[in-house]
Amino acid sequence: MFLVNSFLKGGGGGGGGGGLGGGLGNVLGGLISGAAGGGGGGGGGMGLGGGGGGGGTAMRILGGVISAISEAAAQYNPEPPPPRSHYSNIEANESEEVRQFRKLFVQLAGDDMEVSATELMNILNKVVTRHPDLKTDGFGIDTCRSMVAVMDSDTTGKLGFEEFKYLWNNIKKWQAIYKRFDTDRSGTIGSHELPGAFEAAGFHLNEHLYSMIIRRYADESGNMDFDNFISCLVRLDAMFRAFKSLDKNGTGQIQVNIQEWLQLTMYS
């Protein structure tokens with residue numbers, strides 16, 4: 001994804017991948033259990049800013065979304081992803097937890113050190129089966145393709161080690177938040193619980209954007225299950241980072257041409 005390149009550096013070249021090794025689900029289940037809590041345009045370009053668009057329902061909706069994201073992006077300050085480093089240079093400085101995670105990654109990814117959407121789906125579904133308190137229909141292939149796309153800095157269609165580790169650390173953090181804000185222990189987060197959960201994850205959104213998210217990711221009763229919660233936060237994280245990387249002067253406005261806009265919206 002062309003925008004992710006500017007803020008997420010990691011990953012290698014790409015071929016096939018490995019399967020789930022023996023005990024892999026158990027080890028990853030342990031890792032995720034240990035998570036800590038908290039935490040419009042013709043011509044050459046298309047301007048995307050804080051104001052609403054003119055003319056037509058589609059432009060009004062787009063203007064509202066961009067306005068909401070520009071406001072929220074100004075308040076979103078996540079930890080930066082790790083820089084690209086050669087394997088041999090970083091191995092000596094890795095903690096024991098990271099070293100074990102790298103071994104795990106090699107088991108999953110195989111010699112090419114890349115994780116495909118199918119492999120990601122398998123491992124996530126393996127993990128959530130160990131957590132009956134998390135209500136989920138399971139991670140589908142389309143959801144995992146979207147997750148890979150927004151994290152795929154080199155557009156190989158797969159995730160390298162740093163990309164996967166960054167995603168995995170976020171999933172651990174968001175899982176803890178999900179459980180903390182599931183106050184009625186229903187296994188889902190209701191619409192009244194969502195604002196607190198999103199703010200704990202670092203996303204301060206307005207009511208209009210919350211309503212759009214609920215219509216897109218929640219069920220008819222307004223409840224969001226675990227896989228939809230994670231899918232939504234992965235998308236928000238990527239879109240906010242993309243916006244902030246392009247808004248270099250902090251004006252709350254960005255300008256992209258039609259090709260950049262299509263790359264941003266189609267490969268995600």
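In case you wondered, yes, glycine gets a Cβ from its N, Cα and C as well.
Record features, source Swiss-Prot:
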type    : residues                               : note
BINDING : Ala109, Asp112, Glu114, Glu119         : Ca(2+) 1 binding site
BINDING : Asp137, Asp225                         : Ca(2+) 4 binding site
BINDING : Asp152, Asp154, Thr156, Lys158, Glu163 : Ca(2+) 2 binding site
BINDING : Asp182, Asp184, Ser186, Thr188, Glu193 : Ca(2+) 3 binding site
DOMAIN  : 96-130                                 : domain 'EF-hand 1'
DOMAIN  : 139-172                                : domain 'EF-hand 2'
DOMAIN  : 205-233                                : domain 'EF-hand 4'
DOMAIN  : 234-268                                : domain 'EF-hand 5'
MOD_RES : Met1                                   : N-acetylmethionine
MOD_RES : Ser6                                   : phosphoserine
MOD_RES : Lys179                                 : N6-acetyllysine
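Apart from the site residues Asp182, Asp184, Ser186, Thr188, Glu193, the chain places the Cβ of Phe181, Thr183, Arg185, Gly187, Ile189, Gly190, Asn223 no farther than 8 Å from the centroid of the site's Cβ atoms, the recorded Ca(2+) 3 location. Between the C-alpha atoms of Lys158 (Ca(2+) 2 binding site) and Ala109 (Ca(2+) 1 binding site), the distance comes to 10 Å. Put plainly, the binding-site residues Asp112, Asp152, Asp154 were compared by Cβ crowding within 10 Å, and the winner is Asp152. When Cα-Cα distances from Glu119 (Ca(2+) 1 binding site) are compared across the binding-site residues Asp137, Asp152, Ser186, Thr188, Asp225, the shortest belongs to Asp152. Summarised by DSSP class, the composition of the domain 'EF-hand 4' (205-233) is 19 helix, 1 strand, 9 coil. Secondary structure from DSSP puts Asp112 (Ca(2+) 1 binding site) in coil.
Cβ atoms under 8 Å from those of the domain 'EF-hand 4' (205-233) belong to residues 64-65, 68-69, 71-72, 124, 128, 134-140, 143, 146-147, 170-171, 174-175, 178, 186-191, 194-195, 197-198 of the same chain, restricted to positions at least 6 beyond its ends.
Across the domain 'EF-hand 2' (139-172), DSSP classifies residues as 23 helix, 1 strand, 10 coil. For Thr188 (Ca(2+) 3 binding site), the same-chain residues 6+ apart in sequence whose C-beta sits under 8 angstroms from its C-beta are Lys135, Asp182, Asn223, Met224, Asp225, Phe226. Using a 10 angstroms CA-CA radius around Glu114 (Ca(2+) 1 binding site), the recorded positions that qualify from Asp137, Thr156, Lys179, Asp184, Glu193 are Thr156. Shown are the binding-site residues Asp137, Glu163; the one with the most C-beta atoms within 10 angstroms of its own C-beta is Glu163. Counted with DSSP, the domain 'EF-hand 5' (234-268) comes out as 22 helix, 3 strand, 10 coil. Straight-line distance linking the Cα atoms of Glu193 (Ca(2+) 3 binding site) and Asp154 (Ca(2+) 2 binding site), rounded to a whole number, equals 36 Å.
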